[in-house]
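Worksheet: the structure to be examined is printed underneath.
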Amino acid sequence: MRSDMIKKGDHQAPARSLLHATGALKSPTDMNKPFVAICNSYIDIVPGHVHLRELADIAKEAIREAGAIPFEFNTIGVDDGIAMGHIGMRYSLPSREIIADAAETVINAHWFDGVFYIPNCDKITPGMILAAMRTNVPAIFCSGGPMKAGLSAHGKALTLSSMFEAVGAFKEGSISKEEFLDMEQNACPTCGSCAGMFTANSMNCLMEVLGLALPYNGTALAVSDQRREMIRQAAFKLVENIKNDLKPRDIVTREAIDDAFALDMAMGGSTNTVLHTLAIANEAGIDYDLERINAIAKRTPYLSKIAPSSSYSMHDVHEAGGVPAIINELMKKDGTLHPDRITVTGKTLRENNEGKEIKNFDVIHPLDAPYDAQGGLSILFGNIAPKGAVIKVGGVDPSIKTFTRKAICFNSHDEAVEAIDNRTVRAGHVVVIRYEGPKGGPGMPEMLAPTSSIVGRGLGKDVALITDGRFSGATRGIAVGHISPEAASGGPIALIEDGDEITIDLTNRTLNVNQPEDVLARRRESLTPFKAKVKTGYLARYTALVTSANTGGVMQVPENLI
């Protein structure tokens, strides 16, 4: 066993003394059992994580029952909704790297035989997956689950995205103060990740198709008995996988990454999943070309439109058959998935999901009646984004295939929000927000406030927004993010000027500023070099080491320093 490194031999008597002091070893034979880490992310200020202490206790009991010894440790967590719109958002994406580093540190320092990961919200899930790829110790994931959708006094279904858009609607005067406060009180009624197909739930669904979690991980409610039983079953399966030495890198292959993007296309997931899945591929040693994502989009139908793109919540998806029903439907179209891959269940993706039929065709459409013949995400290329950009086409009004309007440029999120709120931004604009990428932000903050204000003011079909920053999973509208290279790295988005004509072509997947190359070249000659905004602390180190969005925004030490 891997843990023999810390518990076998006379020279490890001091380590054994410390292990006895933890109280985790209940009998003399316990030292001969596998040691299992429970990597938890319980935190009081994140509603998606307030219940995870209880879930960890269930996991501990089941791990003991299965014949192993559990040891729990905790990671940090950032609630993107609470951190939104201020300096706190600069820490959100960088927290992913801290989580990965922290988990790697504890797992490798103590030579655990296996790891039971309990994530839930936006950066915690991918951070833990990065750690699993890095350490490559037998592992299983069981998330905390989504919250119930809210309900307004008028019977309208609510999610957190409803609340963000309500801010713009209230400023516009289209809803009353009473309605506004009612929504605030009822948008998030229980613990769990936010109820729509936002980043947290997107990643928790993708873990099912990646093969790292049990079926229904992405949709079973946080408050359900099914969630608690899933924790128990996952614990039993992990101990079995430790004995069989089934490791994360055996499961997460290039084909698994393909299938993760295919499910994302079918469910119209968050654009952040592109960033995180590319980072996972990078950590797994898989060279993954962005063009591959568009090829997947072309062959994958869009089957389930979930909030913020509709009024359906994750619970509605669960009742309609969950991710297994979507996977089963996709498997009926040859070449869409790679169903004979091994998963954490010890069975193939096909064996896990075959025969799981759709129970509600309004929530999950069948292959012969998709929302769209192609997937809900697209990678755009062009002279603004030579290394790619991402748009959630599933969140764009279906009537819009191309959009050509005049640029109005801002060098920060805050400048753009002020201009939208004071009506400087009008119908016919393409809002350009730059110097908000991984280096520029720093931390690639989410642009939910400006996109929500645009939609809330009724301009969702008349104003586009492009940025080297990123979006919340709650974003909808004509919103292009992750533009690479970013402005801080000298990317062409830095060369756009007010009044330039910009074309977003969703059919041909292009993003261009309609200026001759010689004009752009002259502008580049006068471009002021970027200077880091933060000089001290973690964000300064992050700025120095982070890469562009097209590689997942991972931190890499320059080769000349290794």
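Even glycines carry a Cβ here, placed using N, Cα and C.
Features as listed in Swiss-Prot:
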type: BINDING; residues: ASP80, ASP122, LYS123, GLU446; note: Mg(2+) binding site
type: BINDING; residues: CYS121, CYS194; note: [2Fe-2S] cluster binding site
type: MOD_RES; residues: LYS123; note: N6-carboxylysine
type: ACT_SITE; residues: SER472; note: active site, proton acceptor
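Distribution of Swiss-Prot features across the structure.
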| residue | record | Cβ within 10 Å |
| --- | --- | --- |
| ASP80 | Mg(2+) binding site | 27 |
| CYS121 | [2Fe-2S] cluster binding site | 28 |
| ASP122 | Mg(2+) binding site | 34 |
| LYS123 | Mg(2+) binding site | 29 |
| CYS194 | [2Fe-2S] cluster binding site | 32 |
| GLU446 | Mg(2+) binding site | 32 |
| SER472 | active site, proton acceptor | 29 |
Whole-number Å only: compute the distance from the Cα of LYS123 (Mg(2+) binding site) to the Cα of the residue listed as 'active site, proton acceptor'.
12
In whole Å, how far is GLU446 (Mg(2+) binding site) from SER472 (active site, proton acceptor) when you measure between their Cα atoms?
6
Could you measure between CYS194 ([2Fe-2S] cluster binding site) and ASP122 (Mg(2+) binding site) for me? Cα positions, answer in whole angstrom.
10
With the Mg(2+) site defined by ASP80, ASP122, LYS123, GLU446, which remaining residues of that chain have Cβ atoms positioned within 8 Å of the Cβ centroid?
VAL78, ALA83, MET89, SER92, LEU93, CYS121, THR199, ASN272, SER472
At the level of the C-alpha atoms, what whole-angstrom distance separates ASP80 (Mg(2+) binding site) and CYS121 ([2Fe-2S] cluster binding site)?
9
So, three-state DSSP: helix, strand or coil for ASP122 (Mg(2+) binding site)?
coil
Hey, how far is GLU446 (Mg(2+) binding site) from CYS121 ([2Fe-2S] cluster binding site), Cα to Cα, in Å?
15
